[in-house]
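As recorded in TrEMBL:
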- 6-28: transmembrane segment (TRANSMEM)
- 81-102: transmembrane segment (TRANSMEM)
- 114-132: transmembrane segment (TRANSMEM)
- 158-306: domain 'Palmitoyltransferase DHHC' (DOMAIN)
- 204-229: transmembrane segment (TRANSMEM)
- 236-257: transmembrane segment (TRANSMEM)
- 269-288: transmembrane segment (TRANSMEM)
Amino acid sequence: MDVPWLLVAHGSVTALVVVSFLCGQWPIFEGTFVQRINHFLTFGAYHHLLRLVHAACGNGARDLVLGVESYCCDRPNPILQIFYVAIIGVTYFIIVQTSFQYIPGYYVSGLHRYLSIVAVAIGALLFVLTSFSDPGTVTAENVSQYLSAYPYDGIIFEEKECSTCKIARPARAKHCRICDKCVARFDHHCGWMNNCIGEKNTRYFVAFLVWHFLICLYGAVILGFILAGELKERKVVYILTVYYGIDNSFSGLFPHVAQWLLAVHNTQILLAVFLAIIALLLGGFCAYHTHLCLTNTTTNETFKWQDYIMWRKKVNDAKRLLQW
């Protein structure tokens with residue numbers, strides 16, 4: 001009877017950690033424990049690790065860790081791309097090995113065997129397009145086109161020269177320190193793509209987010225229908241109520257049904273929970289970037305406006321103090 005609650009507790013903790021890590025810096029979580037968990041996971045834990053390595057192994061080991069960090073975070077590298085391919089490949093392989101035997105089923109058509117292949121293939125295509133397409137690199141040859149396309153607003157974008165590229169930096173552009181190039185309508189550098197997201201590949205990036213949200217939702221729903229079909233075909237509810245005298249109500253049946261599912265179909269449950277959590281996170285990212293597209297702004301500009309508003313607030317507060 002304790003197993004279902006153990007699963008709920010495990011899923012809740014996993015969801016909290018994943019949400020905190022990926023979304024803890026969002027404005028909605030400012031000042032909450034989610035932001036504090038994010039700070040620990042992204043900064044605090046790493047600094048504690050550095051101190052531990054230095055105390056246990058000396059300066060050489062610490063410098064090695066710092067070198068690995070520099071490679072992973074400060075220069076282009078395919079680590080997260082490989083990780084993405086591994087996640088997709090391993091997850092799909094596990095689904096094929098453990099769940100395709102139930103397709104077709106009571107509620108699931110055999111067509112889903114082939115639809116899943118098409119869905120994953122389209123996701124892989126969008127990944128390749130986003131990763132290897134030009135994000136909108138600003139060069140000496142095309143800078144005049146971008147200067148006319150994106151006028152300066154005199155607030156967060158003013159006329160200036162890129163100190164690295166030695167060309168005029170158009171409004172809404174930014175020099176990416178990782179890719180070492182100026183990108184037009186710069187949104188952010190995406191480690192998962194090992195590429196900047198800018199004017200020319202934003203459409204692919206948003207399509208990638210939306211499609212992977214739909215894939216994860218689709219997978220979780222199909223796994224749910226597989227479990228429901230197994231309950232129906234094996235007449236689990238009928239056996240529990242007729243032969244074991246279990247009360248035919250949700251509160252009466254849930255612990256026993258959950259226990260049976262965990263014993264017989266624990267892999268499908270874990271896969272469904274995993275896909276549902278990823279779908280929830282991707283849904284948040286999709287909503288955020290859809291909002292950016294509808295308001296014709298970027299992640300970089302959002303942070304710039306936040307900094308400008310905070311600066312104006314400090315200036316106005318200082319003026320009020322002087323008036324007193």
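All positions are counted from 1 along the displayed chain.
Including glycine, each Cβ sits where the backbone N, Cα and C put it.
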Exercise. Can you count helix, strand and coil residues in the domain 'Palmitoyltransferase DHHC' (158-306) using DSSP?
Worked result: 91 helix, 16 strand, 42 coil
Problem set entry | Stretch-averaged pLDDT - the domain 'Palmitoyltransferase DHHC' (158-306) | 93
